[in-house]
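What TrEMBL records for B:65-258 is domain 'ABC transmembrane type-1'. Taken from TrEMBL, the feature transmembrane segment covers B:70-93, B:100-122, B:134-156, B:177-202, B:237-258.
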Amino acid sequence: MPPTPTLTAAPDGVAASPAAPGRRPRRLSPALTGWAYATPTALFVLIFFVAPILLVAQMSVSDWGLFTGDRGLNAPENFTKAVGDRLFWPAVWFTVKYTVVTTVILLALALGLALVVQESNRWTGFLRTSFLIPSALGLASASLLFYALYSPQSSPLGFLGVESFLGTPATALWSTVTLIVWRFAGFYMLLLLVGLQGISGDVYEAARLDGASRWQTFRHVTLPLLRSSLALCTILCVTGSMLAFDQFYLLTKGGPDNSTITIVQLIYNMAFFGQNNLGRAAALSILVLVALLIVNVLQFRGLRDKES
Amino acid sequence: MSRTLMLRTPQHVLTGGLAIVFLFPLAWAAVASVSPQPGTAQISGWGLGNYQTLANYQAGVVQYLINSTVVSGLTVAVTLVVSVLGGYAFALFRFPGRNLLFLITLAILMVPYATLLIPLYVLLNELGLQDSLIGLSLVLAMFQLPFATFMMRISFEAIPAELREAALIDGCGSLRALRHVLLPAVKPGLITVGLFAFLAAWNDFITPLVLISDSDKAPLPLAVANMRQQVMGIVDYGATEAGVVVLALPCVLLFLALQRHYVRGFMSGALKG
């Protein structure tokens, strides 16, 4: 069912050809054609996104077991029980600590790497590829790889003198941060590299003529002009870390002594492991969603205030 | 020339060392998976004993590879079809609800996986898609939609207006114009979207962990993770290393082959983002 040429007037203000109308009969209005193409997207969004969101809201106020199904409303019991869980506050605290540590280290290193490889030549091309290869791996594969790398039986890292990479709460945290830095540094390096290459050479030339030292140039020219790239990286990194799951599930299983349980792991455990309580898990996951939205709104606001 | 090279040598040593640190874990896994190690299937001499263990684990690595391939292939296909049609609609047509639908699609990014997986676990049961690779692929495609739709929309918007109009005035319907003229013009976008969807589907862990309970239907990452916990709680690190190599190899090769597109995908996302 071919619509006439005029029906596809571009939304960006391109005027439709005046010769076209009348040559063919109108069969479908542009709105209908547009909707026809957008229907698969709409169906997907409706079935796999909007419906689950509504359902999770209903589950969060219902007595909903993994095997028993819906047994009616019980609000607000799921929320009070979820917050009252003995692991709730430790998980919140650990997730926040992990997020701050990861974001600071990861972005500092990524910025350093981006500065190292910002010139384009064969050597930096090789460096870029080396730093980027880990980001082709899945987080789960990377976690399994480091699980073997850290194991006392097979570890080649004996020379570091670390007694047990995953044995104490502190080493477990740092070992996981190392894994995440290895996996993601190249990715954030790439995002910052885009920002660096957007800075015009004239600005550096002006700074050089003014007699600015390398540090002054970096501090007063590069950093301010890189702000929007850094902001994007911060938001991505904070969001990713707040929702950390794979790396802890595979590497530390939340141990030792539940010291590395993150909030998403707690949701998973409530739903499918031990408690088998989908309602409570739904309540907790709604709290996480709200927390994530608040953190991101605050980040956007903080960044906008800085710009003005 | 040689003087600048001399001056830069310390920097080369330093950055080269850094590159080795990044490459080391992968190289180590590849070597360790075939090297002799107590407590694995490869006790003495070099060989493929660990891969043998992997091949014979439960349904066999071939079955898990097939599962992963089916899931990744389906996810890529569904993501491409839905995002091409959607991107075309958002870029070139005006229709009521257009902005709202686009915003809701992007909002998928803002919702944690866990928040969606709990209700999806229930919902897929109702749809008769529990424990099914098709259900898993559809969910994974949904997670890809924000990036894919955004990418296809900006790709279609970047096509010069004259090309679009010429195609339509030549008497092509909008579907024929899409197939014969516009699709070739957005090929880089298609490769980026396809590559990202493949990597995400091949590597995803938490989605199959929640949605797939029949271990014969597990994709590879889940199967390798399960395998660790077998044999009376003793972990077979050799088989784990072999599993990591099998998991990582396609991703690394694909990345090296399509590095340009991978980099460009991030860049266009970052510039607009």
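Residue numbering: from 1, along the chain as shown.
Placed from the backbone N, Cα and C atoms, the Cβ positions cover glycine too.
Only residues 6 or more beyond the boundaries of the transmembrane segment (B:70-93), in the same chain, are considered here, and those with a CB under 8 A from a CB of the stretch are 101-102, 105, 133-134, 136-138, 140-141, 144-145, 148-149, 151-157, 164, 174, 178, 182-183, 186, 189-190, 193-194, 197-198, 200-202, 208, 219. Across B:100-122, B:177-202, B:237-258, stretch B:177-202 shows the highest tally of CB pairs under 8 A with the transmembrane segment (B:134-156). Within the chain, the transmembrane segment (B:237-258) has long-range Cβ neighbours (under 8 A, six or more residues past its boundaries) at 26, 29-30, 32-33, 37, 39-42, 49-51, 53-54, 57, 61, 65, 191, 195, 198-199, 202-203, 220-221, 223-224, 227-228. Same-chain residues lying 6+ beyond the ends of the transmembrane segment (B:177-202) with a Cβ under 8 Å from its Cβ atoms: 68, 71-72, 75-76, 79-80, 83-84, 87-88, 137, 140-141, 143-144, 147-148, 151-152, 154-156, 159, 163-164, 166-168, 219-220, 247, 250-251, 254-255, 258, 261-262, 264-265, 268.
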